[in-house]
Amino acid sequence: MNQYVIAIDQGTTSTRAIIFDHSGAIVSSGQMEHEQIFPKAGWVEHDAAEIWNNTREVIASALSKANLTRHDIAAVGITNQRETAVVWDKTTGEPVYNAIVWQDTRTQDIVDELSKDGGGDRFKQKVGLPLATYFSGTKIKWILDNVDGAREKAEAGNLVFGNTDCWVLWNLTGGVDGGVHVTDVTNASRTLFMDLETLQWDEEILGIFGVPRSMMPEIKSSSEVYGTVHTSQLLRETPVAGILGDQQAATFGQAAFETGEAKNTYGTGCFLIFNTGEEIVHSKNGLLTTVGYKLGDAKPHYALEGSIAVTGSLIQWLRDNLGMISSAPEVETLAASVKDNGGVYIVPAFSGLFAPYWRPDARGAIVGLTRFVNKNHIARAALESTAFQTREVLDAVNADSGVPLTELKVDGGMVANDALMQFQADILGVPVIRPKVIETTALGAAYAAGLAVGFWKDLGELSSNWSEDKRWEPQLDQAEQERQMRLWRKAVTKSMDWVDEDVK
């Protein structure tokens with residue numbers, strides 16, 4: 001009995017439930033994609049009701065495949081796409097608008113307006129983040145300002161906000177029938193509203209945004225029992241005991257618990273997190289300061305993060321928008337058929353540029369095209385753009401920390417691509433290491449939940465679960481490395497200053 005932990009991984013493109021055993025191995029999983037809604041250029045939405053329905057389906061699927069019941073599950077952990085904002089009516093359980101996704105850029109006017117008084121970094125010392133469309137705060141304000149009746153309902157105390165962790169937890173624990181309205185410190189640190197030192201909502205910033213305090217969930221640690229699954233659900237009476245935003249969860253799943261350890265997750269975007277321990281480090285090089293994790297009553301661990309908006313989604317774009325490939329894995333075959341990129345560089349600034357530039361005026365660019373270039377070169381350039389962007393973030397981490405990283409742990413869907421991982425090692429000049437369990441995001445959430453209920457006893461036990469699967473050593477000489485980075489940086493400059501009054 002109680003031999004397993006289940007993690008709900010509510011991601012940007014799909015929702016998964018993964019069951020882990022005590023060794024951290026995957027026992028079974030269920031997965032369902034949800035619709036990507038693009039009402040206008042720059043707008044990205046999800047149907048929150050669809051996400052909740054899918055969550056129930058994937059839990060059932062994972063249990064069924066392993067022939068398990070709720071009696072076999074010690075705890076539930078939740079991990080999620082961060083920043084994606086859901087606002088719902090707590091009396092009906094209905095969202096007042098679609099979830100506005102982290103990639104969405106519709107709130108640029110709000111960012112510009114708020115930046116007039118004190119600049120884009122006016123809140124950064126307190127919350128660790130620049131003013132940007134990326135974070136939840138501007139999305140909540142947009143919903144209150146633009147959805148009929150939303151502000152009135154919010155001020156009457158009927159509307160609540162949560163990222164998708166909070167939305168799933170609220171529904172899982174009963175919804176309108178006593179659902180728990182809680183988030184953890186890692187998700188709260190991505191709203192623009194949480195004070196990094198007090199780990200509480202900042203009343204002054206909420207006031208500036210015009211967001212009622214009553215909308216905000218209670219902030220708790222990443223590893224404690226928040227409540228139990230409602231009696232109407234398959235996992236009824238199972239404790240929900242861990243929540244981590246997806247990138248922090250991946251860091252935790254990689255057992256990067258010590259100061260100076262880092263990981264890079266390759267998914268829809270790329271996210272490099274560098275553990276700074278109990279110290280809050282403010283970046284001078286375009287990185288975010290965020291909460292890494294907090295276990296129960298222990299002190300929080302902080303991190304520097306380099307967030308890259310578009311990596312894996314560039315491959316989706318080649319497939320879905322251009323029809324250049326019919327499945328994502330094809331891109332590796334095409335890329336491997338040419339010896340280099342043919343002089344082509346792709347800067348996938350579909351939503352502007354995130355770290356380390358923070359340039360919302362940038363848009364996607366393909367540069368260096370000649371008659372010689374074919375689709376194989378384009379495929380290679382698409383993969384290489386992920387590695388180039390990661391190198392720029394790693395350079396920023398090294399500059400901020402003063403201690404150059406000697407290796408990079410990697411995870412996420414794209415790390416199955418050997419060609420990309422080799423090029424990543426080449427362009428970084430340090431070894432790249434893939435663990436045996438690459439589902440580190442879900443594993444991190446499972447670990448947080450399991451620790452809270454005593455399924456695992458301490459971090460040492462989790463560290464002993466980690467094992468290396470493959471390592472890529474750099475094979476490119478430094479002169480060629482720097483030549484390619486010089487051309488990449490030149491390409492990046494070509495993507496900037498595109499958006500103005502004529503081009504939105």
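Here the Cβ of each residue, glycine as well, is placed from N, Cα and C on the backbone.
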Based on Swiss-Prot, name the residue from T55, T268, T370 that is recorded for the same ATP site as T12, T13, S14, G312, Q316, G413.
T268
Looking at Swiss-Prot, which one out of Y4, Y134, Y293, Y302 binds glycerol in the same site as R82, E83, D246, Q247?
Y134
I need the nearest neighbour of T268 (ADP binding site) among the binding-site residues S14, Y134, D246, Q316, using C-alpha distances.
Q316
Does DSSP put S14 (ATP binding site) in a helix, in a strand, or in coil?
strand
G312 (ADP binding site) to Y134 (sn-glycerol 3-phosphate binding site): how many Å between their Cα atoms?
17
Can you tell which of T13, Q247, N417 has the least company, meaning the fewest other C-beta atoms within 10 angstroms of its C-beta, among these binding-site residues?
T13
What whole-number Å value do you get for the CA-CA distance of Q247 (glycerol binding site) and T13 (ATP binding site)?
15
Just to be sure I understand: of R82, Y134, Q316, which binding-site residues have a C-alpha no more than 10 angstroms from the C-alpha of T12 (ADP binding site)?
R82
